[in-house]
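Quick look at what Swiss-Prot lists:
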type	residues	note
BINDING	7, 8, 9, 10, 31, 32, 33, 113, 115, 187	NADPH binding site
BINDING	114, 134, 135, 158, 181, 194, 199, 200, 203	1-deoxy-D-xylulose 5-phosphate binding site
BINDING	133, 135, 203	Mn(2+) binding site
């Protein structure tokens with residue numbers, strides 16, 4: 001298999017599972033963590049390696065692997081790979097082209113890069129995609145029951161770092177506080193997305209593309225991150241998917257469903273410790289961006305705008321140019337503006353052009 005973004009949280013877990021399952025690693029890619037990819041090269045001995053920055057070439061120790069550089073290099077590497085499976089764990093819209101290239105080459109795509117579906121779900125062959133996250137894995141597992149007819153799909157949110165912060169203090173919070181996730185240890189972008197509830201807006205759009213636009217789609221807060229998804233059926237019964245909060249479960253099924261079903265990759269749940277499970281609505285007062293959920297489901301191509309404005313705002317937030325309120329305001333302004341504009345987005349080039357336009361328009365965000 002090919003692992004793109006091998007030095008991130010998902011990538012590292014994917015390599016653990018690959019080693020456990022005896023899956024050969026043909027190629028690896030990383031962004032800036034050259035020290036870690038050097039270690040991974042020693043262990044997994046890939047035939048190909050891609051890095052983002054040519055300035056890092058001197059520090060790379062490829063041990064005979066063919067080296068590719070930049071986003072174009074990742075595309076070229078995928079083109080040459082013979083593996084049937086690509087796991088795309090690149091962060092941000094940078095992973096979009098890699099998803100397209102993988103599907104063009106008729107590869108199965110284990111997709112952890114949310115932005116691919118959020119920005120271009122209408123252009124991707126969903127039949128070749130396995131989502132790598134707990135919520136969509138939970139939905140997939142629940143929808144294996146073909147006797148019951150689903151009516152609504154519900155995914156869970158932890159509530160993120162500011163779920164108990166006094167409302168009047170949320171807008172002035174900084175990145176350091178946003179990165180204190182109560183349940184998970186993840187990369188900085190997804191942790192901030194969890195605090196803003198953008199992550200759940202992404203997952204709502206992913207659900208739309210993956211499991212059908214005809215069903216009602218919603219989310220709720222479940223603080224323990226043990227209930228990952230629920231499906232309500234036409235008979236008004238509801239089935240929930242519960243599992244330990246561990247990404248190795250969805251990753252293992254994305255790599256090899258048969259082996260995953262026979263080998264436990266996570267700890268068993270202690271059912272007697274589950275008395276704390278409680279469902280709460282997502283408050284629009286606390287998570288103001290949640291008010292755009294219905295707008296996005298009515299016009300899912302706005303996902304490009306959501307993602308581009310979010311990436312611009314997060315960069316400024318991490319650089320201490322804006323506080324959390326400025327991040328929320330940037331995304332709100334972008335969605336309000338582009339909701340009034342018609343656009344078709346009938347090709348990848350058009351998606352990337354709109355992505356660039358939104359970034360350009362919102363890169364000079366005033367300090368808030």
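Cβ coordinates come from backbone N, Cα and C, glycine included.
Keep in mind the model is a prediction, meaning the values are calculated, not measured.
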Checklist entry - Taking the Cβ of residue 203 (1-deoxy-D-xylulose 5-phosphate binding site) as the centre, how many other Cβ atoms fall within a 10 Å radius? => result 27
Item to check | Other C-beta atoms that fall within 10 angstroms of the C-beta of residue 135 (1-deoxy-D-xylulose 5-phosphate binding site) | outcome: 24
Checklist outcome for this item: Across 114, 181, listed as binding-site residues, the smallest other-CB tally within 10 A is for 181
Checklist entry - Given the binding-site residues 7, 9, 33, 199, which one is most crowded in terms of C-beta atoms within 10 angstroms? => result 199
Checklist outcome for this item: Students should find that the Cα atoms of residue 7 (NADPH binding site) and residue 135 (1-deoxy-D-xylulose 5-phosphate binding site) sit apart, in Å rounded to an integer, by 23
Checklist outcome for this item: Quick note, residue 115 (NADPH binding site): same-chain residues at least 6 apart with CB under 8 Å of its CB -> 92, 93, 95, 96, 202, 307
Next on the checklist: Spatial neighbours of residue 114 (1-deoxy-D-xylulose 5-phosphate binding site) among the binding-site residues 9, 31, 33, defined as Cα within 10 A: which are they?
Outcome noted: none
Next on the checklist: Going by Cα-Cα distance, which of the binding-site residues (9, 33, 133) sits nearest to residue 203 (1-deoxy-D-xylulose 5-phosphate binding site)?
Outcome noted: 133
Item to check | Cα distance (Å, whole number) from residue 31 (NADPH binding site) to residue 135 (1-deoxy-D-xylulose 5-phosphate binding site) | outcome: 26
Checklist outcome for this item: Most isolated by CB count within 10 A, of the binding-site residues 31, 133, is 31
Next on the checklist: Distance check, please: Cα of residue 31 (NADPH binding site) against Cα of residue 199 (1-deoxy-D-xylulose 5-phosphate binding site), rounded to an integer number of angstrom.
Outcome noted: 21
Checklist outcome for this item: In whole Å, the longest Cα-Cα distance within the recorded 1-deoxy-D-xylulose 5-phosphate binders 114, 134, 135, 158, 181, 194, 199, 200, 203 is 19
